[in-house]
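Okay, so here's the structure we're looking at.
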Ligand SMILES: N[C@@H]1[C@@H](O)[C@H](O)[C@@H](COP(=O)(O)O)O[C@@H]1O
């Protein structure tokens, strides 16, 4: 596990965008795993800018997102489909065949989960998975208690997660109660993982991730057993982590 400690959100975004840019440049047919939430917005913005400025060839990339809310159609303004179209897919003119998200409004969600997992496999797996982290340690929508062997599945969202995400909806009651998400094992199958964390709100999560035990109570802790994880976190997110911990991991030799 590598930790890149940066000053703030802007620096985190710039650094992550540069890594994504280099990844696509060196591997034009890369399969990217993508995340939503406030954390990667700046990364997407910086990546779009770099890609356009350098005429980056994106025609061969494929993307798979981590998750989607249950019941929201892809054109629902609060769906993760809509988020991705706005923040990445449209600005980069990615074709719809290149981009994949689980369908939250599928008639048979269990079948959707299976076929999503199969599709990732058909593409040879994910080369680089981008992750944010929930305050309770969730990755994707894998809430505390999710088994480490889980594959794409349907989850009940914790009230705290619905509250944290309510800012994107009119009010909390509109936040769906369930979602479909890649599982812990699906995420761990990615060849490398890039986790981003910024701000005070994430400081306890980062402390648990870097100093706690690996267990299912804190889902992100499993990442410590993955061979290629890079964390880009800012000073506030790392403010509860002892310097000894992040210095121990600090490295610029990433991805
Ligand atoms: N499903 C998403 C996660 O993928 C994301 O990492 C998390 C943190 O969001 P934010 O980056 O807005 O703090 O929120 C949601 O629950």
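Placed from the backbone N, Cα and C atoms, the Cβ positions cover glycine too.
Neighbour count (other Cβ atoms within 10 Å of the Cβ, all protein chains): 21 for residue 67 (active site, proton acceptor). In the three-state DSSP assignment, the secondary structure recorded for residue 67 (active site, proton acceptor) is strand. Among the features that TrEMBL reports, active site, proton acceptor is placed at 67 (among others).
Here TrEMBL flags 136 (among others) as active site, for ring-opening step. Reduced to three states, the DSSP call for residue 136 (active site, for ring-opening step) is coil. In the structure as shown, the Cβ atom of residue 136 (active site, for ring-opening step) sits within 10 Å of 18 other Cβ atoms.
According to TrEMBL, the feature active site, proton acceptor maps to 138 (among others).
Neighbours of residue 143 (active site, for ring-opening step), defined as other CB atoms within 10 A of its CB across all chains, total 20. Secondary structure at residue 143 (active site, for ring-opening step), taken from DSSP and collapsed to helix, strand or coil, is coil. According to TrEMBL, the feature active site, for ring-opening step maps to 143 (among others).
Annotated domain 'Glucosamine/galactosamine-6-phosphate isomerase' per TrEMBL: 10-224, in sequence order. Looking only at the domain 'Glucosamine/galactosamine-6-phosphate isomerase' (10-224), the predicted model's pLDDT averages out at 97.
The Cβ of residue 138 (active site, proton acceptor) has 144, 158, 161, 219, 220 as same-chain neighbours under 8 Å, each 6 or more residues away in sequence. A Cα-Cα distance of 8 Å separates residue 136 (active site, for ring-opening step) from residue 143 (active site, for ring-opening step).
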